[in-house]
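Notes follow the structure.
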């Protein structure tokens, strides 16, 4: 604290400089003038003097009151009696209040230089006043008590005396806090208090709770995991679960208190109820692992480019790869079309290139997207005689989404009807411009049959790779992507992994999505086992715990325990999210099904050879569902058809479909014995067409009405047996017996029924043709009048198909 003058200090403590000089003199501080400065040491000396003088004056003003009490009582136990005498002594200090002098014009308020002295004075005054009140109340209580009231049982006497002896301590504790009460409230409370409770209202007032009901709604920030139950969501918002259920009913969703909802639905509910959602991810363990493995030490070296061949079906993608590899891969594909991704590492005269061959069928959209995700260059194959097709446009969109350069290969130029210039024009409408037109896309005419232009295509691919400057670290823990996975009967789960960085060795712990395992064997694209694989190398890995999802990232983990922990965590999270989405979809359709009739369902057990084909088939079959019929895939998997699949089909009345897989001998015996519908397919076209036919058979029959003839009523006769007989003239078509009819009056249908009798000249006939008179009897209808028209029609069933 900086030094200040006596005058400044007097202004600060709000007293006169003369009074402050007197106090300084009494404290022994040698200051005689108001303009002299006072140091911190002199201030502390003054404060100590004021505290000492104040306590001395207070002690002089106090006097002591000693209260003695003696109680006699008798305790009887049977014939004996014991006299009990209880003595108590209590001492109180009573302050003497001095009268203020009238001679002083105005009282001066002495304020010590620090806040410590002020608090000490206030606490001393409160303590003295409280003790004075306690003494007065105790004296009044002693005067009011009668001898009969003083007699107490010996058991209660000491207990009450002990309580009363503790009261001054309690009051002292309460007096440590300041009391904020108006005088009116204090007087009103004192009037209703009994006399034996001395000044307890001040103590109870200090113990009052300070809670006040909020006037404005409380807005909370609610942390939402990827799935949460309705009860937990209500607890996070501090509301009842019934309110959350009510809010979701307003949004059109029926939920229960223990039902799980996904993160997006929970965020909408939180916003609807006036709070702020905060989306959190429960994958901290995964992020930490990726962060630790993300720092790969080592120098980046050039690597081979990963080239994905895309295009429409039957445009020659696999044939182009055949010519480059000098093999016949197309002959191994059913129907000559690619139905899964093939990864091949090709060593050409110009350099190393890794090729990915993707399917062109529309059902394999997800597989093409995966191919574009892990590639460096996309070779777009377009047939010169066919032009740009839907899957060609889709491949362009995948390449743009992945921000990958495109090299266009115009195939089949050896055909007479080939027109490469038309291909350039059609691709230019999709913003794919050749270099000679001022664009940045390289075009190369080729023929996968004769080999024309293929060397030039490889040169363009490697030129594009040099421009991209592709590099990767070739040592350390490996990272890659699962291109395809399948379940081999003899070797177990097999995953085709494309290494992107690092080096994969035998014995490494590999973590792939929800699966993990030790690499027991690695097989190259040429079918030979290998010890290690570097960047841009595709290998088949054996040893995983299950068939992994294609497109997942593969990471080498140093610890098997950590890999197992992360895999189980991912499995639990995937199960919760899938269950939440399934329940949400089920509840969204509940109201739609209430007003509709029974929906016919075709249950299917689907088995495929690889994971990618299974995904494509599942998506394609689910798209066939309509409002009337539905495809329900109750089970799907990778690998051969087993007895458990057949038993599941028996229990659910399902059709077993195998795509490029077969059933073993015991399973075939079970199929024949139980009569299960088992079908094998190797081409996706045939599978989808057969399922369409099966769904068409489940459609409700549709009937079409065809007007056969029209007769005009000329006269009406009455018959005792039949009733009214209409004499008619057939004016159009043929009138046949036992066909449904309509009676029209003024071109308005007034009755629909059955033609009961048809006569001509009193003879029953089967039909009457145009221009012939006849008598017609309508079943259960006698109100036929002249001028009416009788329309005869028949219903024919129309064959319905799935579009």
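Each residue, glycine too, has its Cβ placed from N, Cα and C.
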- The residue range that Swiss-Prot labels region 'Disordered', out of 93-123, 217-247, 248-278, is 93-123
- Message: Need the matching range: Swiss-Prot marks region 'G1' on one of 311-318, 319-326, 327-334, and I'd like to know which.
- Response: 311-318
- Note on the structure: Ranges in play 403-406, 407-410, 411-414, with Swiss-Prot marking region 'G4' at 411-414
- The residue range that Swiss-Prot labels region 'G2', out of 296-300, 301-305, 306-310, 336-340, is 336-340
- Task: Out of 357-360, 361-364, 365-368, let me know the one Swiss-Prot marks region 'G3'.
- Result: 357-360
- Message: Per DSSP, what is the helix/strand/coil residue tally across the region 'G1' (311-318)?
- Response: 2 helix, 1 strand, 5 coil
- Would you count the other C-beta atoms found within 10 angstroms of the C-beta of residue 311 (GTP binding site) for me? 27
